[in-house]
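Novice: So TrEMBL has the following annotated:
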REGION    1-42  region 'Disordered'
COMPBIAS  1-12  compositional bias 'Polar residues'
TRANSMEM  67-88  transmembrane segment
TRANSMEM  156-176  transmembrane segment
TRANSMEM  188-207  transmembrane segment
TRANSMEM  213-234  transmembrane segment
TRANSMEM  246-267  transmembrane segment
TRANSMEM  273-291  transmembrane segment
TRANSMEM  367-387  transmembrane segment
TRANSMEM  399-418  transmembrane segment
TRANSMEM  425-445  transmembrane segment
TRANSMEM  457-481  transmembrane segment
TRANSMEM  493-512  transmembrane segment
TRANSMEM  524-543  transmembrane segment
Amino acid sequence: MINQASTVQTVGGRSPMPSPQLSHRHISHANPKDEGARIPAAPAAAPGSDVITDVVGNFGIWQLRTILIIFLCKIPAAWFMACIIFTAPELYPRTEFTCDTSYLNSSSSSNYSISDNQCYVLDDSSGSRSECEQFTYVSSFDSLIMQFNLVCLRDIFIAWTQYWHLFGVLVGGVMGTKMMLAISPRSTYCVGAIAQILCGVVTGYARDFSLHCAFRCLSAVCCAIMFTAGQAIFTDITAGMHRIGAIILYDTFWSIGVILLPTLSSFFSSWSLIYVGITFPTVMLIVLLYWTPDSPRWLLRHAIDHHSIDNVEQMVREGAEINDRCFKIPPDFRQQLEQLSERLKTAPAPAPWTQLWQGRRAKTHMVAAHLALAFFVINFMGMLLNIRSFGRDYLVPNTIAMGFSEIIGCFLALHFTLKHNKWKWQCAGTFNILAGMLGCMGWLFTGADSMNAELKVSLWMIIATIPKAAVSCAQSMLLACMNELVPANKKQLFVFSVITWARIWLLSAPFFNVLKRIDTALSLTSYSVFSILGGICTCLLLTPRTSTAPVVAQLEQEEQQDKKEQSPLNAPVWTIESDVHNTRL
């Protein structure tokens, strides 16, 4: 920000009452003999600060309102990802589904028998067997499994539908980033919300399995576009540790969506209605866009006429008014916005991807960050879906427990970042290593058939929720703080590279749950090993001392300074030397 010095002239031996906007400006007197009595200039602005941050502040009511509105988009995103838990609950053979042999030759049907699991037709005369091709279902809930016959060996296609959802998240993240090169984040968010409503309804009523997978993928694309654009908005209007805290806590609303999903699903008796139920709350998000600002710096970077500057000026003035910081608006506010717009337009291009490997510890950080986030996102999504292996009767409490463990993990990440900023990576990594070791202890009681069923499930959940909290902690910290590992011109590309790489590997998460067919402990152990490996990679990260990462003590000092500026008791006072050396206000 460029601040021009203001000159205060004495009139009749008195200095005029200074305006609040001048509290941080360099004050000089017209009389040359008073040059030595000049008030010292205010401390330099923080790195990366500009007129927008100076006016609206790092955080306030305006930012809080925007963050809470944008955070809501994580709830339907969680519903679309985890709804498979309740749209495709496990069916029990013989009691809820049986093999229907009516498709066989009626004259020889008496020579056939059905296996106990209702999956095979046995030919008593030849001793051969074949897969059952037709089933009869007896269930009060019309599930996705019943619609597409996803029982027996076909249950692998449940993971296949989840694969297409995760593929949509990958494509949506890239598409949302590219869309924001030409469309503002707020408009991108709105496009994603409208498209999600349409795709979500079609997904629920598709009666062809391929069509269902295709629109489930498109619904995920829309969800990813929404939370990618939403994050671009709230990271632009916040600063310092408040921005890091907002990114860390972004996934808490994802977890709230996971917690609310069992209650929402209980109101519907069909998988199609569940999709409708998780789709239409997005209408509320479109309504709330009225109170959601756009990214001011994006608008300035793409400003083509004075109307764009007018929109940003009006937006920032509204934010300053809501945050009670109107006194921070300088007289030349419009000119400073125009100068900021020119600086943003002429900013140097980001460094190419090959330069991410150059620099001190650059290769270590590149490899460790890419591997760590890949391990964590596979674990984060896969372990939630893995609760289906603990039994259908315990889906509701297990889902809620997983959601709360994710929230605990996010707040642990915030605690490590605020209180142990220097060693936050090592804290999160060590936590994952220890939690992963605990998760591998499932082999101690997996074969205990005499153990009480509820006790066994409780033990499964204990050794699953602790690694889940650890993964949530490390993943949130990586998403919020990994840009500290590289210089400013490499941050954007580094974050994009790490997240995209991790989402590519995320596509494998649903298929690890197939390991439960061998043993429940095997699928859980695979995710626990990922926690250990991700923890080791996280411990290798170290924020450079030259990083511009915010320091907690400095931010607290700035916050106290802001409070002083807002208090009328701390209004700036100028003194001048009169002829009789008296001090006058």
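For all residues, glycine too, the Cβ spot is worked out from N, Cα and C.
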Novice: Please figure out which one of 67-88, 273-291, 399-418, 425-445, 493-512 racks up the most CB pairs under 8 Å against the transmembrane segment (156-176).
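Specialist: The stretch with the most contacts is 493-512.
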Novice: At a threshold of under 8 Å on Cβ distances, which of 67-88, 246-267, 425-445 pairs most often with the transmembrane segment (399-418)?
Specialist: 246-267
Novice: Count the CB pairs under 8 A between the transmembrane segment (67-88) and each of 188-207, 246-267, 273-291, 425-445, then give me the winner.
Specialist: 246-267
Novice: For the transmembrane segment (457-481), name the stretch out of 188-207, 246-267, 273-291, 425-445 with the most CB-CB pairs under 8 Å.
Specialist: 425-445
Novice: Take the transmembrane segment (246-267) and find every residue of the same chain, 6 or more past its ends, with a Cβ under 8 Å from one of its Cβ atoms.
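Specialist: Apart from its flanks, the transmembrane segment (246-267) reaches 67, 71-72, 74-79, 82-83, 85-87, 227, 231, 234-235, 238, 274, 277-278, 384, 395-396, 399-400, 402-404, 406-407, 410-411, 413-414, 417, 472, 475-477, 479-480.
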Novice: Who are the chain neighbours of the transmembrane segment (273-291) in space, where the CB to CB distance is under 8 Å and they lie at least 6 residues beyond its ends?
Specialist: 65-66, 69, 72-73, 75-76, 79-80, 83, 86-87, 186, 189-190, 193-194, 196-197, 200-201, 203-205, 226, 261, 264-265, 267
